[in-house]
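J.: Quick one: this structure, given as structure tokens, is what I'll be asking you about.
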Amino acid sequence: MESIGSHCCSSPFTFITRNSSSSLPRLVNITHRVNLSHQSHRLRNSNSRLTCTATSSSTIEEQRKKKDGSGTKVRLNVRLDHQVNFGDHVAMFGSAKEIGSWKKKSPLNWSENGWVCELELDGGQVLEYKFVIVKNDGSLSWESGDNRVLKVPNSGNFSVVCHWDATRETLDLPQEVGNDDDVGDGGHERDNHDVGDDRVVGSENGAQLQKSTLGGQWQGKDASFMRSNDHGNREVGRNWDTSGLEGTALKMVEGDRNSKNWWRKLEMVREVIVGSVEREERLKALIYSAIYLKWINTGQIPCFEDGGHHRPNRHAEISRLIFRELEHICSKKDATPEEVLVARKIHPCLPSFKAEFTAAVPLTRIRDIAHRNDIPHDLKQEIKHTIQNKLHRNAGPEDLIATEAMLQRITETPGKYSGDFVEQFKIFHNELKDFFNAGSLTEQLDSMKISMDDRGLSALNLFFECKKRLDTSGESSNVLELIKTMHSLASLRETIIKELNSGLRNDAPDTAIAMRQKWRLCEIGLEDYFFVLLSRFLNALETMGGADQLAKDVGSRNVASWNDPLDALVLGVHQVGLSGWKQEECLAIGNELLAWRERDLLEKEGEEDGKTIWAMRLKATLDRARRLTAEYSDLLLQIFPPNVEILGKALGIPENSVKTYTEAEIRAGIIFQISKLCTVLLKAVRNSLGSEGWDVVVPGSTSGTLVQVESIVPGSLPATSGGPIILLVNKADGDEEVSAANGNIAGVMLLQELPHLSHLGVRARQEKIVFVTCDDDDKVADIRRLVGKFVRLEASPSHVNLILSTEGRSRTSKSSATKKTDKNSLSKKKTDKKSLSIDDEESKPGSSSSNSLLYSSKDIPSGGIIALADADVPTSGSKSAACGLLASLAEASSKVHSEHGVPASFKVPTGVVIPFGSMELALKQNNSEEKFASLLEKLETARPEGGELDDICDQIHEVMKTLQVPKETINSISKAFLKDARLIVRSSANVEDLAGMSAAGLYESIPNVSPSDPLVFSDSVCQVWASLYTRRAVLSRRAAGVSQREASMAVLVQEMLSPDLSFVLHTVSPADPDSNLVEAEIAPGLGETLASGTRGTPWRLASGKLDGIVQTLAFANFSEELLVSGTGPADGKYVRLTVDYSKKRLTVDSVFRQQLGQRLGSVGFFLERNFGCAQDVEGCLVGEDVYIVQSRPQPL
């Protein structure tokens, strides 16, 4: 039986102490186009050959027995020149133990040029192997043909390039591996990060040439040298497809078709960016420009001569105009994170516009070189026609590629050419790199020295010193030097960005703008180099034992080994903020990590285990950091894939380049390395907590077909055969209606954290749907392997298990706790308000004939409102009636204490009710009664598919917008509250807060309004009325068997509180109903954060009803808290503030946590006893006072 249990996998890493002589692996480059994957041993060089054939396994075994027994190791770099769909990856199986001996797959690492890995094998053996594609769901797709067979020489370093399905291919001659101490980690993310040092290319005599970053990314045609002017227009085979294009995309594709050379293409980009005025159009222009320029700089969109004659100064002038516009866009107050992110990707694709390149005749050195008399005539002609004439007529990126190819050629053999000639050509090469902004980070930083003040120079010199020590240390695993270099880089980048943030004046001289471009490129280059440093650090961390060793250190209460990883993460998150992405969030995460780093792991925190509290607190922040990286990646996935596909198809870009574009952007960014570090640290934290990555929201057991969906949206779920299904859901916002989406849903597995007591959690519990979340990447991958299969989900507080089920698909029962409608909750039975309970007869919506509305104006009291103390179910709804009862209970609570002396006292905000019938009266006064009745009739049968239901809901909402709350009603409300009071307008429908239909969060609440602004107040009430007819509300009532005509809405108006904390209490633990615990979930600020299912976790406390013992179950990590501004307008809106939990008492003060937990437990137990059943309670903490704003029956 295939199973995903609750166990954790052990790490394959071996721990080595910091003082060990072992060093981090060093990365090397095989050729100028291939970057290699993770290395784990020191390199050796050789010139031996490799051959590849196909043979049978029996022959392989015979040959393996004959291998050389000398023990000499061979370094083999393998690249599979093949790309796969986003989310899939490539692995290999093989006969050698280093790749799993056919039992385990060995993953390859992604690069733009294919999938790569490095193996260290015993020399002399015969290696048999084969590639597989590992799908996103975990399934394997093997390449066809016989097993590949490779005869491994006795010693040396080699590389091979393979192609998918070509198992009998003749491999290219092996290339010797040259050393490059300047490259970071395993190479698979290194393609776009040749910024740390100059890219080194070996020549026959061992000389090293400094190559440009442009050359390292080139995917266009190789340089072709000519001895006459044969350039012409060689643009053959390209196709442009403008069908279906419009707007910016159409303009860009037509512009490319009419622009053969580089300067015309740059001018077209300038026109597109400058000509985009509207925000949406502007973002599109930036996105398409970034994609287009990237393809030009990598040679996938070629540039040719078109018969014109424009020196490079023309390109420089256009570049300056583009640069100014980008800086202007990003400096605007309303600049979006998306615009800033995309603009940063355009900068490295622009040429320099320094004074020497805007001169009338720039780059003249090549003319002098081409006319020297100390070089052969043929070489002179090749330089003249291939480089000089082309550069001065129609410069393009291909000129730098040709120059580097020529430089490598003339330096291959020492003494073959004049030393002065070679030296001058090298100088020209550096000038050309400078023009294309393709120099190394060191060269870029050197070029800006002249403009730096003493503080800047000090930061720059410190960075150079740290970098030099790191590069010459000879040990890539020198963690201390890595951390020092990271700190110095951060300091330097901060200095640069501070200067850049001063802005660009409209009257800034050209020289200042040119230097500003250098500063901008340097800070982008520093971010790229941090990617390299963080990658090296991750390798070092793995070498030292990785997550397993970190977890062991926590177990032994020695957490000093966590200091460097947390430092690295803080610095990495700081770099993301410096790049303009969620700066306040990055700052808060950094503050928290530093605070937790400084806190000792205590034996006890209050009455709780210090190790557990330390780990849970850190886990909350690590989850927050990983959420930051996920949101960044999600943004890239929203921005690029559809636009890359549109532009790529129209421009005839190879499908492989289109398919891998976004993955390359994600993997080449610092956010990718931060995500990897978070994954390692979270694994260590989970191991130390004994956690398995599961969180049980609703326990139980169920079976069904596992179906993967993006979200729970009615009408959008895939069709099934009619049997029970278990949903594997990528995202949720907490307001979803599960049964309304599909009546066959038996279970939900959500791949993000979610408050247990969110509206979604409450609804799932009421509907008896087993609900779990999972945040462990390894388990998620295993789960996806079972998509489409009939499985059994078992969830309890102690474990979660997902297994292939032996039960047949014919089984139609939804779960072991079959969903049933509580008939009694909708039955009729008279009771008075003081004995209000879940079985009230008034809790059932009243019935009405098809020709009349449920309530009439004669039901409305004088003045249009009812005092909260007088509210009852028939006139005001269950919520208002419960709040009225709460007000009377609040007085009694002041005299009640728990057995341990903890007070059960609480307060209730003052309030009034706009009763049932008020909406109908407003409809009548607006002459909209008949139109509304007609739409309501259509609503009963409207189909959710095809937009029919949405259209009718929209029409009803338009009717509601035209309504007005009577002036006498607003005047009455004004008299009931203080003059400057802020109010909240809440729903109190006859179809919510019932035992069989809690409708938690289904209807609107509008905060921060005041009757002193009648227009805003009236509009807020109408929004609450309209929320009765949203798509979700209609489908929810259908699922419960309630007619749309039977639904009506009263409005509860209460004093708006400004809480420090908001909470939801369940007086019976949802995860463990027999535990005699009150469970609380707490969020900073207003309670909407909890109720709506905002991404993140709340503080979670459990308090014993009898013993008063408080357990901390989780720490909060919501990114924002919602507040009501006391000085701003009463406009129905919140203020959002970023939360720093290192400053929140509930996180850092164990005594306060204990006291609050006991207080909430006492209040919850008091309410449960007085209401006579388990309660779902909402409230908040204002100063030292507990306020209760709502209590309703808790679904069990």
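Each residue, glycine too, has its Cβ placed from N, Cα and C.
Note that the structure is a prediction, hence the values are computed from the model and not measured.
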J.: Between Thr55, Thr167, Thr495, Thr1147, which does Swiss-Prot record as N-acetylthreonine?
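T.: Among Thr55, Thr167, Thr495, Thr1147, the residue Swiss-Prot annotates as N-acetylthreonine is Thr55.
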J.: Summarise the domain 'CBM20' (66-166) as counts of helix, strand and coil residues per DSSP.
T.: 3 helix, 51 strand, 47 coil
J.: Would you count the other CB atoms within 10 A of the CB of His759 (active site, tele-phosphohistidine intermediate), including those on all shown protein chains?
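T.: For His759 (active site, tele-phosphohistidine intermediate), the 10 Å Cβ neighbour count is 23.
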J.: I want to verify one value. Collapsing DSSP to three states, which class is His759 (active site, tele-phosphohistidine intermediate)?
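T.: The three-state answer is helix.
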